[in-house]
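Asks: Take this structure first; my questions come after.
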Amino acid sequence: MDDKKAGAGVSAEKQKALAAALSQIEKQFGKGSIMRLGDGEVEKDIQVVSTGSLGLDIALGVGGLPRGRVVEIYGPESSGKTTLTLQVVAEMQKLGGTCAFIDAEHALDVNYASKLGVNVGDLLISQPDTGEQALEITDALVRSGSIDLIIIDSVAALVPKAEIEGEMGDSLPGLQARLMSQALRKLTGTIKRTNCLVIFINQIRMKIGVMFGSPETTTGGNALKFYASVRLDIRRIGSIKKGDDVIGNETKVKVVKNKVSPPFREAFFDILYGQGISRQGEIIDLGVDAKIVEKSGAWYSYNGEKIGQGKDNAREYLRENPDIAAEIENKVRAALGVVAMNPTAAAVAATVED
């Protein structure tokens with residue numbers, strides 16, 4: 001009995017000491033700087049923004065890209081990296097979010113962006129001279145708490161000031177990696193607090209002398225690999241033809257890293273030139289997989305009614321009948337256990353209230 005009383009006394013003292021420590025931390029660093037998971041103040045539901053691709057939203061496991069996180073999208077040239085990020089911008093703008101595009105490559109095509117559904121009049125754009133300037137602008141925008149999405153295009157173009165001011169042949173090893181590491185250390189906490197989604201577009205390089213495993217690596221050192229909650233590897237795997245003309249690319253995206261859901265899932269979709277990701281094409285493919293759309297030979301049918309011979313005609317039918325496309329999409333989402341359309345309405349509303 002005495003041992004139990006002594007144990008209870010020690011436990012009460014520990015609780016008292018813990019309460020005093022928590023009180024001191026909150027006094028010094030502000031309310032919410034430390035909390036119990038069971039108190040319900042920590043968000044369990046992850047707020048997301050759609051990628052514009054139904055298949056990729058499903059592969060991500062939470063219905064889109066998570067807000068308040070860092071995301072990296074990388075792949076070879078002309079694989080669809082900028083197209084995918086511009087689609088995310090369009091989706092965020094549909095929900096009333098404010099977006100910024102840090103164009104370090106100085107290569108943003110405004111006409112193409114508007115064709116993808118981006119409201120270019122409301123898009124904030126910066127074309128910085130140095131990597132430091134680009135990341136300082138990003139930091140200032142994130143800290144403002146009024147930006148929902150920031151795109152940095154691309155990490156490879158974030159050239160340190162010392163390199164720009166130096167001579168062509170100067171050897172400056174590790175400068176860019178140090179710049180990225182410092183910036184991400186500074187940014188991550190603020191990104192989480194302000195619920196801003198920051199997407200880094202990255203390029204691929206080849207490591208020399210690799211005998212085993214993949215020789216591919218991304219630029220800017222290893223920091224981004226660690227800090228990113230989601231990493232997407234995007235590749236062009238084929239061409240889409242209409243007669244003899246190539247009208248788009250068949251694209252594969254692999255979720256290489258995912259801190260919010262199981263990783264290593266893949267999504268396949270079409271990117272049509274001048275139109276972006278073919279939503280209707282995805283609805284057809286996923287509808288066939290889920291047995292919601294029937295395929296017999298070259299014909300596609302829905303509810304016993306033929307909607308087109310060949311994928312191109314079926315895609316055109318769904319473009320002309322958006323109600324049927326939305327109906328099939330919601331059935332596909334229900335079959336795969338993904339939230340019905342507009343998964344980020346609540347997320348944007350929360351930002352507006354803040």
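Just so it is clear, glycine is given a Cβ too, placed from its N, Cα and C backbone atoms.
Annotated ATP binding site per Swiss-Prot: G75, P76, E77, S78, S79, G80, K81, T82, in sequence order, evidence recorded as sequence analysis.
So where do these features actually land, and what's packed around them?
Replies: In three-state terms derived from DSSP, T82 (ATP binding site) belongs to a helical segment. Under 8 Å, Cβ to Cβ, and six or more positions away along its own chain, T82 (ATP binding site) finds L108, D153, I201.
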Asks: If the ATP site is taken as the center of the Cβ atoms of G75, P76, E77, S78, S79, G80, K81, T82, which further residues of that chain fall within 8 Å of it by their Cβ?
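Replies: Neighbours found: I234, R236.
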